[in-house]
Amino acid sequence: MQKTIRSQALIYRKFGDPLKVLQLETVEVPAEPGSGECLVEWLASPINPLDINRIQGNYAVRAELPVIGGSEGVGRVVKAGSGSRFKSGDHVTIFSANTPIWTEFGVVDDDELVKLDNRIPLDLAATLMINPPTAWIMLKKYVNLQKGDYIIQNSANSGVGRSVIEMCKALGYKSINIVRNRQNIEALKTDLWRIGADHVFTEEEFKGTSRQFLKSINVRPKLALNGVGGKSALQISSVLERGGTCVTYGGMSKKAHEFTTSALVFNDICVRGVAVGMWARQEEHLDEWNLCVDEVQKLAVAGKITAIPMEKVVLADHKTAIQKSLEGRSIKQLFVINSKASASHI
């Protein structure tokens, strides 16, 4: 009989309200990985919007039920099977967002794992494979930016937005950052300036001062990064230089993305879209993806990209964490999965 180990896992057996369908259960995991596999002790994983959409059944591709949740995180290899390219003690993350990760232990194919530099702090490592690569690809793939060039983005305080700010600073680009107005707006601006933002405006501020501001810097952005849609997409795409590019990676407003006829016809802007997870799995992009992962890790080790603010919770408190994620008024929730990776170590 095959030896197994018991593992606590967050599982949903039907799609629906995450507060109702997500349950903490005990599962049996093989104690010995097979050839080309690893037994991984998962340490930490965030709750991403993608996770909520999947549990609700709103994602483009529905997983086969039952499903262990999670789409991103960091783990430690406990045991590597024969022929594996990993070794015990390696820190790893997942290449595919379909790999179960809200569980203490799991057996994972080598092809679904990415080795991480063990020097990267665990909270950053847990959130390293979605937001920073998205920022990197958007900054590097679509426009040949040079030091001193300007980019503009909305949703600047999001995970992707913060990665964009830090990478622009590291690469020598200038960032114009648009955020929604809120009660603590001055504190938010100060935080974004702290991590490297060159300019920060609320949507209302930029609407009223964009002409004067662009005249003052005497240049227009070459690249606009759109994670919101609606009027916000119109706002940032309308100030691009002639022939500039607007890349859309999300639609937080849940409204159609708007672009003016003038920007498209007379300013000849290019509008693109990217889903980095899908892009990375296309064989023709493999070399570019590997370069992206290497560069992101170098920035992380050098301290040039940092972990976003997160609240650390254990799996047993998943309902509270999910509720906060659904409400959207709290900072991102990070599951500290294994008892050996207590909050004090992350």
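Positions of Cβ are set from backbone N, Cα and C atoms, glycine also.
As written in Swiss-Prot, here are the features:
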| type | residues | note |
| --- | --- | --- |
| ACT_SITE | Y59 | active site, proton donor |
| BINDING | N131, 157-160, 180-182, 249-252, 274-276, K332 | NADP(+) binding site |
| TRANSIT | 1-22 | transit peptide |
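Everything Swiss-Prot records as a feature, shown here on the structure.
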residue: Y59; record: active site, proton donor; Cβ neighbours (10 Å): 16
residue: N131; record: NADP(+) binding site; Cβ neighbours (10 Å): 24
residue: S158; record: NADP(+) binding site; Cβ neighbours (10 Å): 21
residue: V160; record: NADP(+) binding site; Cβ neighbours (10 Å): 23
residue: N181; record: NADP(+) binding site; Cβ neighbours (10 Å): 11
residue: Y249; record: NADP(+) binding site; Cβ neighbours (10 Å): 21
residue: G251; record: NADP(+) binding site; Cβ neighbours (10 Å): 18
residue: V274; record: NADP(+) binding site; Cβ neighbours (10 Å): 17
residue: V276; record: NADP(+) binding site; Cβ neighbours (10 Å): 23
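Spacing of V276 (NADP(+) binding site) relative to Y59 (active site, proton donor) is 15 Å (Cα to Cα, whole number). Using Cα positions, the member of the binding-site residues V160, N181, G251, V274 nearest to Y59 (active site, proton donor) is identified as G251. For the transit peptide (1-22), the DSSP-based tally of helix, strand and coil residues reads 4 helix, 10 strand, 8 coil.
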